[in-house]
Amino acid sequence: MKQYFKSIAFLLLVVPMFLFADDAATVANPAQETANAIQTLTVGLDTLWVLVAGMLVFFMNAGFALVESGFAQSKNTVNILAKNFIVFAAATFSYWAIGWGLMFGDGSPFLATEGLFFLGGADNSPAIGDAYKGVYSSMNWTGVPLLAKFFFQLVFAATAATIVSGAVAERIKFHSFLIFSFILVAFLYPFTGHWVWGGGWISALGFHDFAGSTVVHSVGGWAALAGAIVLGARKGKFLPDGRIKPILGHNMTSAALGTLILWLGWFGFNPGSTMGVGDGSTMAHVIVTTNISAALGALASTVTAWIILKKPDLGMILNGTLAGLVGITAPCAIVSPASAAIIGAVSGILVVLSVLFFDKIKIDDPVGATSVHLVCGIWGTLAVAIFGYEGSPAGVAVPSILTQIYGILAIGGFTFTVSLALWFVLKLAGGIRVGEEEELSGLDLGEHGAEAYPDFNIRARG
């Protein structure tokens, strides 16, 4: 009997342990469940922010299209809109096919050699740090899925190609621009991008460019400058007697609206480069410095144009705003709001002087793309060393001015030289400039067989 009761007692103790083992394990690890839930939520919020920021940057394509078409003559509107539209399509394919892999794939400090094609490399994102296992280790600091990383970097790459469009406007063949854009996004942009954001040799020197004053804007600016030089000026821009004939934009309403869209898009461009929400402080800091720099760029360019040109020229005001945005792109997370004001003001002054300088040396840039993106991109990169402070939201050591100069020269020298060679090859292969008759009558009809304002032309002729 005693043995019988022992057996019953044993069953009463053991059977419930098996029946409720899962519940016991759950109760025993509530902290782990909470941690997992928090981690999932964090990844979700970070991913949402990166994607929304990327969408804002994508919307900047509309801004670029409106600015460029507004600054150009009405007879070239369709051509400019077509270029700005197709460039993102070309950039999407070329960056997906090889650009991303060349920029962020593992390899040497000079060149990526792994995960090169179609996002095909091993990757276990959103794992970060030592937990990351894959071939895109330069991006293992951000805990978002691979495709979120790709999309955000794609819209940056497309921006570099869009910058070129403005400088070569109103005289370039459509197919030549398309070929150059494809090569720029597939090879040139990611090649130098690997040196900085891909964990390459310039990054190892301590060079800092938070959101792309050099990596994106100056690269686009150098390529644009090379194109403008090889193409030559628009017909009638520089007269035989040395005078400069202004070729006025046909729609400053469009240009102003486009600039406002770009200003909005920059609130994705710079803060989105945090690639995560965190506690929100870095995002807030970057948004404020970005906005202050844009505002001071607008104010400074207004005053500068008023002094030099005797009028507060709207085109200069718009470019001054964009100059302030480009100038703050590299240092936005490493400088104070007060420093951002100085950076923006200097950018606004520089862009006016630069536009006048390029006219003086007879380099024709219809929208001032080289002045905005190249000149102010260089200034913004230097400003990192001049105004950066230790303990900033960027969380990095302030680089020396020599380090920043070295990075600017290396990236600029490579991009300009290769771009110049590529433009010359395209010129020899089939020409890059439309014929004189087509240029005078407008690229809309010559290149696309359509006009932006056909009813206006009918009324004008009548």
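From the backbone N, Cα and C atoms, a Cβ is placed for every residue, glycine too.
The feature signal peptide is assigned by TrEMBL to 1-21.
The annotation transmembrane segment is assigned in TrEMBL to 48-68 (among others). The list of residues near the transmembrane segment (48-68) in space but at least 6 beyond its ends in sequence, with Cβ under 8 angstroms from a Cβ of it, reads 80-81, 84-85, 87-88, 142, 144, 148-149, 151-152, 154-156, 158-159, 162-163, 165-166, 169, 254-255, 257-262, 264-269, 271-272, 274-277, 283, 318, 322, 366-367.
Here TrEMBL flags 48-453 as domain 'Ammonium transporter AmtB-like'.
If one looks beyond the transmembrane segment (80-98) by at least 6 residues along the same chain, the residues whose Cβ comes under 8 Å of a Cβ in the stretch are 58, 61, 64-65, 68-69, 72, 116-119, 150, 153-154, 157-158, 161-162, 165, 169-170, 174, 177-178, 181-183, 185-187, 190, 447-448, 452. Taken from TrEMBL, the feature transmembrane segment applies to 80-98 (among others).
Taken from TrEMBL, the feature transmembrane segment covers 150-169 (among others).
The transmembrane segment annotation in TrEMBL covers 176-198 (among others).
Annotation source TrEMBL lists transmembrane segment at 210-231 (among others).
Among the features that TrEMBL reports, transmembrane segment is placed at 252-269 (among others).
Sequence-distant contacts of the transmembrane segment (284-309) (same chain, six or more residues past either end, CB-CB distance under 8 Å): 210-211, 263, 266-267, 270-271, 273-274, 316-317, 319-325, 327-329, 331-333, 335-337, 339-349, 351-353, 356, 393. If you look up TrEMBL, you'll see 284-309 (among others) marked as transmembrane segment.
Proximity of distant same-chain residues to the transmembrane segment (316-334), defined by a Cβ-Cβ separation under 8 Å and at least 6 residues beyond the stretch ends, is recorded for 67, 208-214, 216-217, 255-256, 259, 262-263, 266, 269-270, 273-274, 282, 285-286, 289-290, 292-302, 304-305, 309, 340, 343-348, 350-352, 355, 367-368, 371-373, 375-377, 379-381, 383-384, 387-389, 392-394, 396, 398. Residues or ranges marked as transmembrane segment in TrEMBL: 316-334 (among others).
Per TrEMBL, the feature transmembrane segment maps to 340-358 (among others). When Cβ-Cβ distances below 8 Å are used as the criterion, the transmembrane segment (340-358) is approached by residues 288-290, 292-302, 304-305, 308, 316, 319-324, 326-328, 331-332, 364-365, 368, 370-372, 375-376, 379-380, 383, 387 of the same chain, each at least six residues removed from its ends.
Annotated transmembrane segment per TrEMBL: 370-389 (among others), in sequence order. Only residues 6 or more beyond the boundaries of the transmembrane segment (370-389), in the same chain, are considered here, and those with a CB under 8 A from a CB of the stretch are 163, 167, 208-210, 213-214, 216-218, 220-222, 224-225, 228, 319, 322-324, 326-331, 334-336, 339, 342-343, 346-347, 350-351, 354-355, 358, 363, 398-401, 403-405, 407-408, 412.
Summarising the annotation, TrEMBL assigns transmembrane segment to 401-426 (among others).
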(request) Average the per-residue pLDDT over the domain 'Ammonium transporter AmtB-like' (48-453) and send me the rounded value. (result) 95
(message) Need a quick answer: max count of Cβ pairs under 8 Å to the transmembrane segment (150-169), which of 176-198, 210-231, 252-269, 401-426 is it?
(response) 210-231
(message) Checking distant contacts: for the transmembrane segment (176-198), what same-chain residues at least six beyond its ends satisfy Cβ-Cβ under 8 A?
(response) 83, 86-87, 90-91, 93-95, 97-105, 107, 109-112, 138, 157-158, 160-161, 164-165, 168, 207, 209, 214-216, 219, 223, 227, 407, 410-411, 414-415, 418-419, 422-423, 426, 430-432
(message) Given a Cβ distance threshold of under 8 angstroms, which distant residues of the chain, six or more beyond its ends, lie next to the transmembrane segment (210-231)?
(response) 156-157, 159-164, 166-168, 171-172, 180, 184, 188-189, 192-193, 196-197, 269-270, 272-273, 286, 326-334, 363-365, 369-370, 372-378, 380-381, 384, 394, 407-408, 411-412, 415-416, 419-420, 422-424, 427, 432-433
(message) Given a Cβ distance threshold of under 8 angstroms, which distant residues of the chain, six or more beyond its ends, lie next to the transmembrane segment (401-426)?
(response) 176, 179-180, 183-184, 188, 191-192, 195-196, 202, 205-209, 214-215, 218-219, 222-223, 225-227, 229-231, 378, 381-382, 384-386, 432
